[in-house]
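Structure first, then comments.
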């Protein structure tokens, strides 16, 4: 089947490559001509496990192609998958301008029966809105072509997106029976392997996506709230987490305490769902709390540093390991690291930064900051005579496996602020580290006689 994918960003590129891998002919279109040029040459434009190899394979197979010509994509396929961004407006509402713009252009130019599919995360009722816009254009064109709208939300985790696409927990389709038939055919290679295909109304599919992300964000904020209690009462959140995770009703996933969630999905989707609730006159106090706790938790590192140094941070040098919002990606959108960095810069701190893959993305935002030294390795961040503290903001494997004895030697009397609980307390106590702060656990270190 011929498929056009609109938007060669994170969702669109992964989806397009994986659809080609399933045996379909795919044309990915994006208005960024520089990006399209790189993709045509087989150069992956995002950091994502397995994607570079799969991209090259599908280009060589001839099933995958790229273009910056939207009209070419409209002519190419009958199934049009919209995977453009839906960023937050100041009100929290999702910006649908790109989605609407593409749907309108397809409606104006198509010369055949067409299926438009929203894979972008869109508010409940977007499918209906698109249908009304399309119907109005069709009337003005006096067109006899049938244009249908369906929902097929993505559930891709950055760092594991290819695996999630090819081995999903479920595939959600929203629309009427006739509209969903082409999508069922597209996903047949996965369904034949036992993947669950769940069909429902468009509105239910749209709400399913938001609800899933809100539930996951809720679990994270819940554990972060409990971690604050654990710190105050002297409990260990890691022990609490283990005890909770063994309850099959709770499970082990998304109950890791830390310094808050970020990325392109959870923050934006919580805001959009809150806006929908507000529009409908619903008191969304739970969603408000999820958001508020997350914002509060992102200040945890700064608060620990301020307390340790009696609010005297000016001109101190602090190293930060990890800039991406989580390991496995170079995405720094709404990353906790950025909140920490901006707060420390405002306090007059000099920073030494390192991330294994996100340095390029971080420099786009922070390169003009004179108080930042960009380091090429974790070791280099520690190679200064006046290091006041080390902060771990992202739990990359290379940080978790770093020898604690080496850290103790480099830090001397300076504290280690572990925002992702990378190390066990017993190993820290054996290492010689002077001060170790972690989320929801007792502070330990040789200077504390613990």
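Glycine residues also receive a Cβ, built from the backbone N, Cα and C atoms like all the rest.
Copied from TrEMBL, the annotated features are:
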type	residues	note
ACT_SITE	265	active site, nucleophile
BINDING	30, 35, 86, 121, 158, 268, 333	NAD(+) binding site
BINDING	155, 156, 157, 158, 209, 254, 255, 256, 257, 258, 262, 326	substrate binding site
DOMAIN	319-425	domain 'UDP-glucose/GDP-mannose dehydrogenase C-terminal'
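Overlay of TrEMBL feature records on the structure.
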residue: 30; record: NAD(+) binding site; Cβ neighbours (10 Å): 24
residue: 35; record: NAD(+) binding site; Cβ neighbours (10 Å): 19
residue: 86; record: NAD(+) binding site; Cβ neighbours (10 Å): 23
residue: 121; record: NAD(+) binding site; Cβ neighbours (10 Å): 22
residue: 158; record: NAD(+) binding site; Cβ neighbours (10 Å): 24
residue: 255; record: substrate binding site; Cβ neighbours (10 Å): 18
residue: 257; record: substrate binding site; Cβ neighbours (10 Å): 27
residue: 262; record: substrate binding site; Cβ neighbours (10 Å): 23
residue: 268; record: NAD(+) binding site; Cβ neighbours (10 Å): 21
residue: 333; record: NAD(+) binding site; Cβ neighbours (10 Å): 19
Spatial neighbours of residue 209 (substrate binding site) that are distant in sequence (at least 6 apart) but have CB under 8 A: 121, 153, 154, 155, 172, 269
Winner by Cβ contact number (other Cβ atoms within 10 Å) across the recorded positions 155, 157, 265: 265
Among 30, 35, 158, 268, 333, which are recorded as binding-site residues, the nearest neighbour of residue 255 (substrate binding site) by Cα: 158
Spatially closest candidate among 30, 35, 86, 158, 333, the listed binding-site residues, to residue 262 (substrate binding site) (Cα to Cα): 333
Nearest recorded site to residue 86 (NAD(+) binding site) by CA-CA distance, among recorded positions 157, 257, 265: 265
Composition by DSSP (helix, strand, coil) of residues within the domain 'UDP-glucose/GDP-mannose dehydrogenase C-terminal' (319-425): 37 helix, 21 strand, 49 coil
Reduced DSSP assignment, residue 86 (NAD(+) binding site): coil
Residue 157 (substrate binding site) and residue 268 (NAD(+) binding site), Cα-Cα, nearest whole angstrom: 15
